[in-house]
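What Swiss-Prot says about this one:
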| type | residues | note |
| --- | --- | --- |
| BINDING | Gly10, Ser11, Gly12, Lys13, Gly14, Thr15, Arg121, Ile130, Tyr131, Gln194 | ATP binding site |
| BINDING | Arg34, Lys55, Leu56, Val57, Gly83, Tyr84, Pro85, Arg86, Gln90, Arg155, Arg166 | AMP binding site |
| BINDING | Cys124, Cys127, Cys144, Cys147 | Zn(2+) binding site |
| REGION | 28-57 | region 'NMP' |
| REGION | 120-158 | region 'LID' |
Amino acid sequence: MILVFIGPPGSGKGTQASLLSEKFSIISVGKVLRTVMESNTAEADVVKKFIKSGKLVPSNITNKIVVNALKNIEQCKSIILDGYPRDIFQADFLQENLQMDFKVLFFDIDDAVVLRRLRGRISCTDCGTIYNKLYCMPKINGVCDICNSSSFQNRVDDDESIIKLRLESYKKETLPLLEFYKAQNKLTLIDANQSTENILKKIKKMSGIY
């Protein structure tokens, strides 16, 4: 099974994916794109330009990332695809290249909550694990839970002006996917304004794996 997580930045997709990682392989397109942005490849400058402007990275880049990631995961594995597809073109591409059944979870959240959450978001410089100053800090203050690094940073795309551009881009490009997947009876709406615990319970119940 594949669970596709779709929602605006700051809606909690990555947090839920991390909490479910014991039973799911995680493909976080945003995380992979940030890795590409820091590399010495021809695509790095292109990705950096789009992320810093708050726009969607071109589909020819994200599609290739997703296909390569899916090839590297065992066929028997359950998968969470976090942050993809982001428009109708990518949704069509995904269905053409996906050999497994999938469900789409749409994280619905108020813009004001998104802005508040993203202002407090930080990530580990070494492994990329995301934390939040408001509700999800490392268990030991200043030490990453995953790799024990003490180096943290604010993400370049979490600047407030960029956040607002990302939300505008999301509403224009990604929201139409609601009707696309509703028509296929694949869509489940998640109230992402709720607590992390309540959202996790709902996802576990509907996945049928727990």
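Even glycines carry a Cβ here, placed using N, Cα and C.
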**Request:** Report, as numbers and ranges, which residues of the same chain sit near the region 'NMP' (28-57): CB under 8 Å and 6 or more residues beyond its ends.
**Result:** 14, 17, 65-66, 69, 81-84, 86-87, 128, 155-157, 161-166, 168-169, 173
**Helix, strand and coil totals (DSSP H, G, I; E, B; other) for the region 'NMP' (28-57)** = 20 helix, 1 strand, 9 coil
**Message:** Here's one to test understanding: among the binding-site residues Gly14, Arg121, Cys147, whose C-alpha is closest in space to the C-alpha of Gln90 (AMP binding site)?
**Reply:** Gly14
**Prompt:** Within 10 Å of the Cβ of Cys127 (Zn(2+) binding site), how many other Cβ atoms are there?
**Reply:** 12
**Item:** Integer Cα-Cα distance in angstrom, Gly83 (AMP binding site) to Cys124 (Zn(2+) binding site)
**Value:** 20
**Item:** Around the Cβ of Arg166 (AMP binding site), the count of other Cβ atoms that are within 10 Å
**Value:** 23
**Fill in**
Widest Cα pair spacing in Å over the listed ATP contacts Gly10, Ser11, Gly12, Lys13, Gly14, Thr15, Arg121, Ile130, Tyr131, Gln194 is 19
**Prompt:** DSSP says what for the region 'LID' (120-158): how many helix, strand, coil residues?
**Reply:** 3 helix, 12 strand, 24 coil
**Fill in**
Excluding its own, the Cβ atoms lying within 10 Å of the Cβ of Gly10 (ATP binding site) add up to 26
**Item:** Max pairwise CA distance, angstrom, over record-listed AMP binders Arg34, Lys55, Leu56, Val57, Gly83, Tyr84, Pro85, Arg86, Gln90, Arg155, Arg166
**Value:** 25
